[in-house]
Amino acid sequence: MDRGQPSLEPAAAAPRASGRCVIAPVRAVLRLRRRVCVLRKRRLLQPGGGPDVGTGAPRPGCSPRAPRADLDQPKFFTFDSPAELPSRTPRKKRRRSRLVLYPETSRKYRPRVEHRSRAQRCLLLLVAIVGFQVLNAIENLDDNAQRYDLDGLEKALQRAVFGQPAAVSRIVALMRDYLATHVHSRPLLLALHGPSGVGKSHVGRLLARHFRSVLEDSALVLQYHARHHCPEARAAQDCREELARRVADVVARAEAEEKTPLLVLDDVELMPRPLLDELHGFLQPQRSHHFHNAIYVLLSGAGGAEVTRFVLQNASRALPLRPDGFRSAEAAAAQAEEDLRASLLAVLSREHPLWQAAAIVPFLLLDKRDVVSCFRDEMAGEGFFPDQARAENLAAQLSFYRVAGREFAVTGCKQVVATVNLL
């Protein structure tokens with residue numbers, strides 16, 4: 001080979017070297033591009049990944065490596081421009097805060113209740129039972145009192161008894177309080193005191209009649225007249241035994257029927273001391289409870305002189321009251337009546353201790369107006385026309401105490417029946 005001709009081997013080696021220098025960077029760029037495409041596709045496959053989620057448009061150069069899911073999804077043609085597609089990309093869902101979990105033995109909103117002991121529960125149950133019993137007892141109070149029709153008794157006494165409004169009110173009030181319950185620790189002992197003819201025996205008869213009607217058994221009402229059942233000729237011990245037997249029979253029968261009997265004893269001032277001792281024995285705590293569930297009404301003229309003196313001394317207080325001074329006068333009258341009961345109790349207690357356990361009910365003197373009312377009532381009952389003028393003429397024939405411009409009958413209405421019978 002001639003030295004003057006250039007050799008072709010170095011010329012061929014130079015293009016090879018330059019080709020290798022160009023291909024190597026291109027291959028590196030392709031590898032980087034493929035890796036970027038793979039990373040982007042992985043982000044697309046992850047939930048909530050990247051802003052390109054849901055576009056479905058792979059980057060140029062990444063189509064050869066597209067996942068199978070993108071190839072299988074159908075393609076729909078729309079008139080939306082490519083610029084509008086990114087605006088419809090779904091927003092990322094906000095991550096909700098996780099719920100706070102509580103233990104199963106506790107509550108979410110209420111504090112944990114402290115454990116109560118069994119003793120506290122038993123105490124609450126006991127309080128509930130006692131409260132129920134108290135309410136039941138309160139409801140039964142009216143039921144037991146309604147059996148005796150005390151409202152009807154009060155109306156009957158106010159209609160038939162003249163001049164004794166305070167005594168009638170006190171009798172009904174005491175009976176109403178006592179008859180509110182059936183079981184009692186002590187009996188009710190009413191002592192009606194006053195002079196003759198003021199209505200004590202009349203009230204006793206009205207009480208006996210009313211209780212016979214409401215109890216529907218006359219055997220539960222005992223009327224004992226000392227003048228008739230125990231005259232002076234009879235031995236006091238025999239009278240005492242008879243009284244004890246009759247009272248025992250009545251209270252035993254009433255206990256069997258679960259009712260409260262009524263025992264009316266008239267002319268108690270004529271009773272010998274053994275009978276008063278027997279009556280006092282009925283009130284003792286050691287006696288059977290049968291004797292405690294009863295109403296004893298004692299009618300006596302003892303203390304009549306004390307009542308007469310009190311009425312005559314306080315006659316001016318009973319004058320017609322002015323409307324402006326009604327309350328003060330009523331309070332003064334109540335205080336005077338309380339003083340009268342206290343003085344009667346002091347006088348009667350000296351005679352026998354029986355009166356210390358009694359509720360004293362004083363019967364005052366009747367004025368002329370009350371006596372006229374007695375005459376009119378008796379005349380109507382006997383078939384006469386109750387003329388006011390004629391009744392006043394009959395009342396004028398009686399004796400009266402004249403004090404402070406008022407007239408009080410000496411014998412009350414005791415002579416009214418005999419006077420009307422002479423018509």
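Cβ from N, Cα, C; glycine included.
Around the Cβ of Gly199 (ATP binding site), the number of neighbouring Cβ atoms within 10 Å comes to 26. The feature ATP binding site is assigned by Swiss-Prot to Gly194, Pro195, Ser196, Gly197, Val198, Gly199, Lys200, Ser201, with sequence analysis given as support.
Annotation comment: Swiss-Prot describes Ser63 (among others) as phosphoserine, evidence class a large-scale study or a structure entry.
The phosphoserine annotation in Swiss-Prot covers Ser81 (among others), and the record cites a large-scale study or a structure entry as its basis.
Swiss-Prot lists Thr89 with the feature phosphothreonine, giving a large-scale study or a structure entry as the kind of evidence.
According to Swiss-Prot, the phosphoserine annotation covers Ser106 (among others).
Annotation source Swiss-Prot lists region 'Disordered' at 47-68.
Here the transmembrane segment (122-138) has Cβ contacts under 8 Å with residues 181 of the same chain, all six or more residues outside its ends. The transmembrane segment feature in Swiss-Prot is assigned to 122-138.
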With an 8 Å cut-off on Cβ distance to the Gly194, Pro195, Ser196, Gly197, Val198, Gly199, Lys200, Ser201 Cβ center, who else from the chain surrounds the ATP site?
Gly301, Gly304, Phe363, Gly412, Lys414
If H, G and I count as helix, E and B as strand, and all else as coil, what does DSSP give for Ser201 (ATP binding site)?
helix
Most crowded position, judged by CB atoms within 10 A, among Gly194, Gly197 as binding-site residues:
Gly194
Listed in sequence order, residues with CB under 8 A of Ser196 (ATP binding site) and six or more positions away:
Gly301, Gly304, Thr411, Gly412, Lys414
